[in-house]
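Undergrad: Below: one structure in structure tokens.
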Amino acid sequence: MLNKPVLVESLIVFVIVLFVHTVVWDRYSWCAVALAVQAFYVQFKWDCLLQLGGAVFQFRAAANSGLLPASMVIPLLGIVMKERCKSAGIVYFERFGIVVASTGMLVALFLSVIAVGITKPVPTNTCILTGVAGSIIIYTMKHSLTVSEVIEVLEVLLIFVYLSMILLYLLPRCFTPGEALLVLGGISFVLNQLIKRSLNVIEGRGDPIDFFLLVVVVGVVLLGLFFTVLFIFMDSGTWISSMFFHMMTAVLGLGVIMPWLYRLIQRNPLFWLLQFLFQTQTRVYLLVYWTFLAASACGVVFYQNAKRSSESKKHQASTITRKYFHFIVVATYIPGLIYDHQLLYVAAVLCLAVFIFLEYIRYFRIKPFGQTLRHLLSLFLDERDSGPLILTHIYLLLGMSLPVWLFPRSCAPKGTLSGAGALVPYSGVLAVGVGDTIASVFGSTMGEIKWPGTKKTFEGTMTAIFAQIIAVALILIFDSSVNLNSSYAWILASVSLVSLLEAYTTQIDNLLLPLYLQIMFM
């Protein structure tokens, strides 16, 4: 039997799916509902495999598989993007939304087939459900996609299969199956988009900041794969290996990533970046302000480690201490969202590259900072950092940035959407920066009534909902581009459902919650 938290989590996801399709009902809605039903049943098989140790790879312990909530994210994003761009009359991005939805469904279906295939004895009813859902999805794809779009979907699936085999083997216990679906599915799609756009470069077509995101994400992933394979044959902790690491990083950066970006944007990437960052006085002020906040975050890390040294070697940072970083991130993103979306977009990409590069230095023990980073960051570990990588701070950055990166600018008149859609870029700030932070702080300090089967409290969830509503009111006051057009009931329902999901999910909430809130707002 599925335990109660998993049942409630699944119920919340079903409600979100139905909410979306009360607004957007078409042929893809049948596919989404069929996918959700089969994912619910296959999730039970994945949970059994994880408990019995029958999964092929080692997944993160102390969490369920999370297949249902993860399976619905990419398809729903594609469906709402298609609908938004259809209403704006942008045919290219309408078709792009269909490709995103189809890709998400096929990748989720593949993960379900894997679970059913390795379950012994073979679960007959689940096999039938998976077959029916697969037939509906493939039939709809056959009558919706062009030949080139079908090839694109299959390319992403192929990349996903190879990436999964490589990264899940190299990084045991870093992901649940659901988190692997989201993270590796996203990387696979980005890699395929970069290859496609690199082969079809047309001067003047495409926004340089979109190319910048694609090249940086693929570049840092390929850098990590290269050094992981290399350090199988070398001891990464020596000075010679460390020198080689820094030298090869420079070679790959200047010899591969920079020329790749030059081909896409048709200008010198360094000159373009410097000109972009210092283009206006507002951007200079924002960069100075963000530098101060980054220094403050480093100060918190050093202070907490000094405190550990003076008190106890086993001292760990409390939940409230870890939420300091959430407050700092909110203070970082709000001015960027109000004054300069594009600068925030590029700054978040740069920050992601820096975070991942520092994690490589820590993981490989690269001198002179590798061991120091290991010592400093060990203070902030929690049960979700059970694998060789520390990913929670990267997930926090991704949760805040994904709504900014995935905002359909081309389908938004005057750069903003109407109604609840105007809050799409703020999804990360509301769900993670405000909601999750307030729920943790108030729940851990004043919460007494626990939700059945979880450690989360009723008081924490209710306070989170209230805090997000106040945050929406403040956004209305300070951001003149936001116009909700009386869609307050939908906003309240969206915030409430996502806050309930935070209370019951065992997945990485920093990644999952902003995406679901973005889907509801769009």
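Any Cβ shown, glycine's included, is placed from N, Cα and C.
Just so you know, TrEMBL annotations are computer predictions that nobody has curated.
What TrEMBL records for this protein is below:
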type     : residues : note
TRANSMEM : 12-41    : transmembrane segment
TRANSMEM : 92-116   : transmembrane segment
TRANSMEM : 122-141  : transmembrane segment
TRANSMEM : 153-171  : transmembrane segment
TRANSMEM : 211-232  : transmembrane segment
TRANSMEM : 244-262  : transmembrane segment
TRANSMEM : 282-303  : transmembrane segment
TRANSMEM : 324-339  : transmembrane segment
TRANSMEM : 345-365  : transmembrane segment
TRANSMEM : 386-406  : transmembrane segment
TRANSMEM : 426-446  : transmembrane segment
TRANSMEM : 458-478  : transmembrane segment
Undergrad: Count the CB pairs under 8 A between the transmembrane segment (345-365) and each of 12-41, 153-171, 211-232, 244-262, then give me the winner.
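TA: If we count Cβ pairs closer than 8 Å to the transmembrane segment (345-365), 211-232 scores highest.
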Undergrad: State, in range form, which of 12-41, 122-141, 153-171, 244-262 has the highest count of Cβ pairs under 8 Å to the transmembrane segment (386-406).
TA: 153-171
Undergrad: Residue list, the transmembrane segment (122-141) vs rest of chain: Cβ under 8 Å, 6 or more residues beyond ends.
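TA: Residues packing against the transmembrane segment (122-141) from afar: 27-28, 30-31, 34-35, 37-38, 41-42, 44-45, 102, 105-106, 109, 112-113, 116, 150, 153.
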Undergrad: With Cβ-Cβ distances below 8 Å as the criterion, list the same-chain residues six or more beyond the ends of the transmembrane segment (12-41) that contact it, or say none.
TA: 67-69, 71-72, 75-76, 79-80, 82-83, 98, 101, 105, 108-109, 112, 125-126, 129-130, 132-133, 136-137, 140, 143-144, 493, 497, 500-501, 504, 516, 519-520
Undergrad: Would you mind listing the long-range same-chain contacts of the transmembrane segment (458-478), meaning Cβ under 8 Å and 6+ residues beyond its ends?
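TA: For the transmembrane segment (458-478), the far contacts come to 338, 423, 426, 429-431, 434-436, 438-440, 442-444, 446-451, 484, 491-492, 495-496, 499-500, 502-503.
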